[in-house]
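Taken verbatim from TrEMBL:
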- Asn81, Glu472: Mg(2+) binding site (BINDING)
- Lys88, His288, Leu289, Gly290, Ser291, Gly292: ATP binding site (BINDING)
- Arg172: substrate binding site (BINDING)
- Asp228: active site, proton donor/acceptor (ACT_SITE)
- His260: site 'Transition state stabilizer' (SITE)
- Arg321: site 'Transition state stabilizer' (SITE)
Amino acid sequence: MVPRATPPTSALDHSTADVVDSFFIDRANGPNCGLHNTPIDHILLPILGFKRHSRRTLRSYCRPPLHIQILSTMRVILAINAGSSSVKISVYSAEPKQSPRQIAETSISGLTAPPAQVSYTRGGVEVKKNEDLEDKVSTQDDAFRVLLKTLIDDAELPEIKQKADIALTCHRIVHGGDYPCSQVITQDTYHHLEELSDLAPLHNGPALDIVNSCVEQLPDAVNVACFDTQFHSTIPDHVRTYPINQEIAKKNHLRKFGFHGVSYSFITRSVAEFLGKETKDLNIIALHLGSGASACAIRNGQSWDTSMGLTPVAGLPGATRSGNVDPSLVFHYASDVGKLSPNSTSKLHLTEAEEILNKQSGWKALTGTTNFGVIASSDEPTHRLAFEIFVDRICAFIGSYFVALHGDVDALVFAGGIGEKSDKLRKRVVEQCICLGFTIDDELNSRKIVDTVQEVGKNRAKCRTLVCQTDEQYEMARLCTEKEELWKQQ
């Protein structure tokens with residue numbers, strides 16, 4: 001075994017790279033993309049001792065994983081999704097260019113509302129369901145350690161007998177900035193993503209905490225970042241550019257990025273297969289509707305426009321997000337008096353404004369609940385108002401995207417927790433858009449959604465109405481299996 005290099009205690013020491021085999025990153029698709037032609041000293045250099053002003057540092061020296069030399073056979077992939085109050089891990093066995101096979105799934109919820117609860121499913125068999133944890137588990141690091149131990153200690157999960165059996169960990173990172181594709185996580189990508197955390201505070205921070213845990217607990221595994229923004233790298237300039245001073249905009253990365261991209265990648269591929277079309281020929285309007293909601297116009301299999309913007313706050317309202325509002329609203333909202341004055345707004349900080357729009361708005365602000373199922377089934381005036389607001393905003397984006405796609409739309413696709421479960425919302429939205437050629441079949445719409453893609457429209461109309469059970473965990477694992485460089489022997 002190659003001995004582990006000792007991290008230097010001062011500035012970057014490029015000679016450290018001589019201790020390990022060379023490892024390359026492919027830049028064929030751009031300066032920040034893939035796994036080829038960048039030497040190890042630019043990729044997995046020691047973090048300890050690196051003199052950089054940063055809010056956090058990787059807690060362990062990143063070295064080229066030994067598994068990179070033997071990934072020509074079946075390997076285990078962990079697809080990790082970390083939120084502010086939960087951590088979910090899906091476990092897959094995979095071979096290069098083959099569809100990943102899920103073998104287990106485990107999660108911990110309630111990190112911010114103890115006691116935390118663990119769930120575990122192996123091979124479709126529920127082993128644990130929302131079991132209270134006796135030990136204190138309040139951080140993403142705590143959760144990851146418990147979940148990793150759950151997997152390793154399970155004698156009936158032969159694929160993972162020890163930590164070294166885990167070859168790849170893929171992390172859902174909400175804001176990936178300008179990265180156009182998945183990345184092996186290096187010191188440079190790590191610090192760049194850290195700088196982007198302010199744009200997605202609910203998700204990027206927790207995800208990077210899990211990256212830290214993986215580096216420490218799984219030193220031989222390759223860490224790969226899958227970005228919610230990468231699917232939207234194809235949005236044209238005239239759509240993604242805000243009409244503000246462009247020197248400032250470019251310096252501060254102020255443009256539309258879009259999110260839910262991992263989900264839209266899964267939806268695009270799955271719907272194309274369902275319709276028997278090549279992905280490059282697919283035109284759809286996709287709706288990812290959950291506590292965070294967005295819409296996406298997909299043209300020729302690529303993102304053309306999406307409702308979220310610089311941050312996930314833009315676009316559709318959500319459980320606690322306002323969605324699109326007048327940009328000056330927050331100053332009036334936070335002012336101490338009835339009319340604006342320098343004194344009433346001078347102390348308003350960006351974090352306070354984001355707190356208002358990101359966590360104190362949405363249908364919770366209107367109804368007092370984040371449970372959309374309760375809202376949809378209630379006759380309370382406030383609940384009906386929240387429901388109609390959601391329908392109105394969704395339909396506005398559908399109309400806009402129908403025009404953007406020149407009316408050449410193969411399907412309207414509902415996805416996400418609400419999109420998959422709320423037949424009432426689907427019916428109401430489609431009825432509002434009937435002039436565009438979409439239809440809803442009451443009998444099909446009322447059926448339980450069991451297939452990956454399921455028809456809910458009438459008579460296979462020209463513009464189909466579909467429901468897709470999106471699977472972001474699977475899509476992350478699949479994206480890893482398609483990176484040939486991860487499977488080649490060096």
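From the backbone N, Cα and C atoms, a Cβ is placed for every residue, glycine too.
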Cβ distance under 8 Å to Arg321 (site 'Transition state stabilizer'), same chain, sequence separation 6 or more: which residues?
Gly292, Pro312, Val313, Leu357, Asn358, Ser361, Gly362
Could you round the CA separation between His288 (ATP binding site) and the residue listed as 'active site, proton donor/acceptor' to a whole angstrom and send it over?
12
I'd like the Cβ neighbour count for the residue listed as 'substrate binding site', meaning other Cβ atoms within 10 Å of its Cβ, all protein chains included.
24
Report the largest Cα to Cα distance, in Å and rounded to a whole number, among the residues Lys88, His288, Leu289, Gly290, Ser291, Gly292 that the record lists as binding ATP.
20
Checking the binding-site residues Lys88, Gly290, Ser291, which are within 10 Å of Asn81 (Mg(2+) binding site) at the Cα level?
Lys88
Between Leu289 (ATP binding site) and Glu472 (Mg(2+) binding site), what C-alpha distance do you get in Å?
14
Checking your reading of the structure: which of the binding-site residues Lys88, Ser291, Glu472 lie inside a 10 Å Cα sphere centred on His260 (site 'Transition state stabilizer')?
Glu472
Looking only at Lys88, His288, Ser291, Gly292, Glu472, the binding-site residues on record, which one has the least crowded Cβ, with the fewest other Cβ atoms within 10 Å?
Ser291
Chain-internal residues near Asp228 (active site, proton donor/acceptor), provided their CB is under 8 angstroms and they sit 6+ positions away:
Arg172, Ile173, Val174, His175, Gly176, Gly258, Phe259, His260, Gly261, Val262, Ser263
What residue among the recorded positions His260, Gly290 has the most other CB atoms lying within 10 A of its CB?
His260
Can you see whether DSSP assigns Arg172 (substrate binding site) to helix, strand or coil?
strand
For Glu472 (Mg(2+) binding site), identify the closest of the binding-site residues Lys88, Gly290, Ser291, judging by Cα separation.
Lys88
For Leu289 (ATP binding site), just count the other CB atoms lying within 10 A of its CB, please.
26
Just to be sure I understand the packing, how many Cβ atoms besides its own are within 10 Å of the Cβ of Asn81 (Mg(2+) binding site)?
23
Coarse DSSP state, helix versus strand versus coil, of His260 (site 'Transition state stabilizer'):
coil
Look up Glu472 (Mg(2+) binding site) in the DSSP assignment and reduce it to helix, strand or coil.
helix
